[in-house]
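Here's the structure we're looking at; comments come further down.
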Number of protein chains: 2
Amino acid sequence: MKMDSRLILALDETDVPKALHVLDEVCGIIDAVKINWPLILSAGPEIITTLSQKADVICDFKIADIPNTDRLIIEQSVKRGASGVIVHAFTGTDSLKECVSAAGGRDVFVVTEMSHPGGQEFTAKHAEEFAAMAAECGASGLIAPATRPERIKKIKESAPGLLILSPGVGAQGGSASNAVLNGADYVIVGRSIYGSSDPKDAAQKLADEIKALRF
Amino acid sequence: MKMDSRLILALDETDVPKALHVLDEVCGIIDAVKINWPLILSAGPEIITTLSQKADVICDFKIADIPNTDRLIIEQSVKRGASGVIVHAFTGTDSLKECVSAAGGRDVFVVTEMSHPGGQEFTAKHAEEFAAMAAECGASGLIAPATRPERIKKIKESAPGLLILSPGVGAQGGSASNAVLNGADYVIVGRSIYGSSDPKDAAQKLADEIKALRF
């Protein structure tokens, strides 16, 4: 995955022509596109391949199953063109190790504390453990919430070598600047870009905001 | 979902003609068929509709996301013909409530303690809390491990009115009889049926084993 604008588009638009239009508009700005199951259920798994021809695709499948099933999901995602996958850690070390092995060198990003209110009930309690497990199992990075930027810093300290990707910017209330200033390497933005009347302009403004912090 | 043989087929075969052949062989015996993401990634989401014409389909998607994404996944699964979905509870009460609401009366089954070794690291610690949350949020039932039948009994006590579905029978080491004797209402069996040279005979033997315990 590139490390240029540090911006990842969460393409949670399930209308396929609209999704493709948004990606065409912003693929020169973003570093990667993140997709989730609703798009697969609406467009079919071929959409992974289609999108991967325009940008690096991270399959945000929040994989959380037994090791054998995790492996099958990741192998098929990679075969279809995914550059990375997002997985849960609370299924245990054996599942997480199998995910990293199945990815065969593609990026595995591990969810720590989730960005929505319910994320504080269980995931927050174990976020630092999940981060340490991710480092131990050979993952590339962590997902940590832009909605709670002070948590990004704590989670980063639990696994210093790993990349931090932060969702929750925009519609969910998080700020790109706060996330980056607290240690996020990439920010993940969805509705503020794909729901904008001018997705390219929205993405460029966010990219400029992030760039201004770093130089 | 019927409550006749108390047997659910985990159709983890990703070769579509083989999967359809197995289901044709056993659909008169099983109460439902459970499918997972690898089949969707291999066959496309239309497979949900195809299978739903032969048996009740439980989408074992281990849904574990923020509320809005959970809703989109479940709405599309139901639209395609799912009778039930399997979801995680560790994403918190708001996510779980949204799952039940999105299912619109279809069954929502909540994972408690997972059946693989890694399931003991985090899910076992919170299994009784997950069971109580499932009852509180209006779920239909729980997933509890046939590989640890003594845990089925404890988990059932945490949510007395809910159905218990137990995976891990056969290839993973659990026994259908032990699961049912400890409180499972349904057992979920995969490889021992779809990997058998005679799936119909394998399913019938398991159905007979379960029936013998109850009468």
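The backbone N, Cα and C atoms fix where each Cβ goes, glycine too.
Here is what TrEMBL says about this protein:
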type	residues	note
ACT_SITE	A:Asp60	active site, for OMPdecase activity
ACT_SITE	A:Lys62	active site, for OMPdecase activity
ACT_SITE	A:Lys62	active site, proton donor
ACT_SITE	A:Asp65	active site, for OMPdecase activity
BINDING	A:Asp12, A:Lys34, A:60-69, A:Ser115, A:167-177, A:190-191	substrate binding site
DOMAIN	A:6-206	domain 'Orotidine 5'-phosphate decarboxylase'
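Taking the features listed in TrEMBL, we show where each one sits on the structure.
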{"residue": "A:Asp12", "record": "substrate binding site", "DSSP class": "coil"}
{"residue": "A:Asp60", "record": "active site, for OMPdecase activity", "DSSP class": "strand"}
{"residue": "A:Asp65", "record": "active site, for OMPdecase activity", "DSSP class": "coil"}
{"residue": "A:Ser115", "record": "substrate binding site", "DSSP class": "coil"}
{"residue": "A:Gly170", "record": "substrate binding site", "DSSP class": "coil"}
{"residue": "A:Gly190", "record": "substrate binding site", "DSSP class": "coil"}
Candidates from A:Asp12, A:Gly170, A:Gly174, A:Gly190 close to chain B, where binding-site residues are judged by Cβ under 8 Å: A:Asp12
Pairwise Cα distance for A:Asp12 (substrate binding site)/A:Lys62 (active site, for OMPdecase activity) [Å, integer]: 14
Residue pair A:Ser115 (substrate binding site), A:Asp60 (active site, for OMPdecase activity) - Cα distance, angstrom, rounded: 14
Model confidence over the domain 'Orotidine 5'-phosphate decarboxylase' (A:6-206), averaged pLDDT: 96
Cα-nearest neighbour of A:Gly190 (substrate binding site) within the listed active-site residues, A:Asp60, A:Lys62, A:Asp65: A:Asp60
Packing count at A:Asp12 (substrate binding site) (other Cβ atoms within 10 Å of its Cβ): 20
A:Gly170 (substrate binding site) CB neighbourhood, other CB atoms within 10 A: 22
